Amino acid sequence: MKATSHFKNIAWNLRCSLIIAEKDAKIYYLKPPVLIFGLLFPLFLFLAFVLGREISFRMLVPGLLTMSLFFTSSSIGPIIYPWERNARTYERLISTPISLPFLLLGDALAGFCYGVFISLVPLILGVVLFKAAIIHPLVLTLAMILASFCFAFLGILLSSPVTETPSQIMMLSAMVRFPLIFISGVFLPLDKMPVWGKIIAPLSPLTYAADLIRYSFQGQSYYSLVLDFSLLGLFSLIFLISAIAFHAQSLKRGI
Amino acid sequence: MGKKCPKENVNIQKGSKTNHRNAPLSIAIRAVDLTKYYGKLRAVDHISFEVKRGEIFGFLGPNGAGKSTTIRMLTGILKPDGGEIYLSGINLKDDLIEARRVMGIVPETCNVYVDLSVWENLMLMGKLYGVPKTKRKVRARELLERFSLHQRKDEKARKLSKGLKQRLILAMCLIHNPDILFLDEPTSGLDVQSSRLIRGIIKELKQKGVTVFLTTHNIEEANLMCDRIAIINKGKLAAIDTPQRLKGVIQGSQSVEVAFDRSKPDELRWLKDIPCVSRVEKLGNKFRLYTDDPDKVICEIVKYRELKSQRLTLLNTLGPSLEDVFLELIREEAE
Ligand SMILES: Nc1ncnc2c1ncn2[C@@H]1O[C@H](COP(=O)(O)OP(=O)(O)O)[C@@H](O)[C@H]1O
Ligand SMILES: [Mg+2]
């Protein structure tokens, strides 16, 4: 009896997560500027770094896809809570019958969907226009899903500091996310990075996503697939658990 | 499962030492020894009370008294540092989610989603509370009608005035037909029309058996609406009782106001000499006589009038106001 009620509880909460994701989509994601930004920003940033280098466009597709996944999945998450606090919807939201982990999961789910759908655009363009061949479609699919969740959880974690000013969190989020793209082998494959790069790259979850996506297109990875997937999973867990802990902590202090 | 027998405890309220097995049926909210610290500040200090099913229970206190902190603990937003909360006999710690499903909550600082339409706001809450689709729609239409919002149904909530937003907020917390309603300063800062509408609706809900717990710093509101009032100051309960009985707390604070058409030199002394008048105040051309027996005082005044062939231009009896009680209790606290 205990087990069935536990199961019911989880089913209820998951249902609520979906409703939260739907709310986030309506309020934050499905706005024309947000969608356009999600499409163009990774592209421009990427072009800014690679133009003038002697690489074929086809070789660039994995990097562009990684960038796109990273920037979209983690972009809106950070501002959700400052925004809800500022708009005075926060307390009402946390007083509904949903437990905190599932509330945050719902927010991450919205980031995940946004990331995956927007990233399908560079993926399709890469395959159709630049004839990039996907050698390992299964790995690519799993990597995109796991990576997108991981980055969405990072976004939710960045949303934890208590503030009513979304711009402050935007700053924090930029300070955390931009450096990551330089140390994670997105532009340059890891084996071509300098020694210092190889040493700090393992600290970034983006490294493993980039490695897996490059493998899906080019058949070669720097780390083993098992290591890449495990570490992406580990980072996801760490981000989610610390996000829950931070949010729970501020709830306890009544802020 | 989840229904632990509440511990025996001492409660300031009368009649609380009933059989605890029956308590869950008639008692909607039961707080035992609730305490909350913010750092070193003891915002809520060992308070205990019970709210009966179908009662409108008011929490009255000045700003910073601990009203919102209490309501946030009762609704599970804040974890108490000490004490227990039972809603319909279920300990909040055991099953918060289940308890929340029968609660309607309007936090103090609370807004609608301004980017969603009035209708979408209602639907969102309905979904989060698990109201089935058709029921949700029927209920939402009823509520829009009752709150005079049906014409604005498809507009973005951004366009609503403050009063209309507050109505929508209340409608949103009623979409799942809650048994217990928690309202933190529901009419504070609203226009008269919206306040009146909201008060009317709260009274209707009471008729339907809904229990209402509301906080306010407005004495008149508490007086008008509540079956019982708890007065809280600096985190401590100063009193819990009906508005009438609270007014009875202050002895000799009834008064009679009187004014005469012509002034006589000895009138003040004469009024002071009426037996059972404890104090006389001169306010402009009228006198206020404090007493615990207004009837007797009026008879004496009439005698005086005939004796001196004066004419009365004003005769008025004043009961003690809840404000007097409130100030009195708060002053006692401070001493
Ligand atoms: N999150 C918080 N952190 C620290 N102090 C707080 C916090 N919230 C409220 N307080 C303090 O606790 C006391 C009670 O506050 P509150 O319950 O909001 O009072 P009320 O609702 O009666 O105006 C006040 O002194 C207030 O300044
Ligand atoms: Mg308050």
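Every residue gets a Cβ built from N, Cα and C, even glycine.
What TrEMBL records for A:24-250 is domain 'ABC transmembrane type-2'.
What TrEMBL lists as transmembrane segment is A:34-52 (among others).
The transmembrane segment annotation in TrEMBL covers A:64-83 (among others).
Sequence annotations record features per position, and here TrEMBL assigns transmembrane segment to A:103-130 (among others).
According to TrEMBL, the transmembrane segment annotation covers A:137-157 (among others).
TrEMBL lists A:169-188 (among others) with the feature transmembrane segment.
Here TrEMBL flags A:229-248 (among others) as transmembrane segment. Panel annotation: around the transmembrane segment (A:229-248), residues 81, 100-101, 104-105, 108, 142-143, 146-147, 149-150, 153-154, 156-157, 159-161, 202, 205, 208-209, 212 of the same chain, lying at least six beyond its termini, place a Cβ under 8 Å from a Cβ of the stretch.
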Looking at A:34-52, A:103-130, A:137-157, A:169-188, which one has the highest count of Cβ pairs under 8 angstroms to the transmembrane segment (A:64-83)? A:103-130
Cβ-Cβ under 8 Å with the transmembrane segment (A:137-157): same-chain residues at least 6 beyond its ends: 65-66, 69-70, 73-78, 80, 104, 107-112, 115-116, 119, 173, 176-177, 205-206, 208-209, 212-213, 215-217, 225, 228-229, 232-233, 235-236, 239-240, 242-243, 246
Determine which residues of the chain contact the transmembrane segment (A:169-188) at the Cβ level, with the cut-off under 8 Å and only residues 6 or more beyond its ends counted. 45-46, 49-50, 63, 66-67, 70-71, 74, 78-79, 82, 154-155, 158-159, 161, 163, 197, 200-201, 203-204, 206-207, 209-211, 214, 222
Going along the chain, which residues at least six beyond the ends of the transmembrane segment (A:103-130) come within the CB cut-off of under 8 Å? 16-25, 28-29, 35, 38-39, 42-43, 56-58, 60-61, 64-65, 68-69, 72-77, 80, 93-94, 144-145, 148-149, 151-153, 155-156, 159, 240, 243-244, 247
Contact set of the transmembrane segment (A:34-52) with the rest of its chain, CB cutoff 8 A exclusive, min separation 6+ beyond the ends, reads 28, 60, 63-64, 67-68, 70-72, 75-76, 114, 118, 121-122, 181, 187
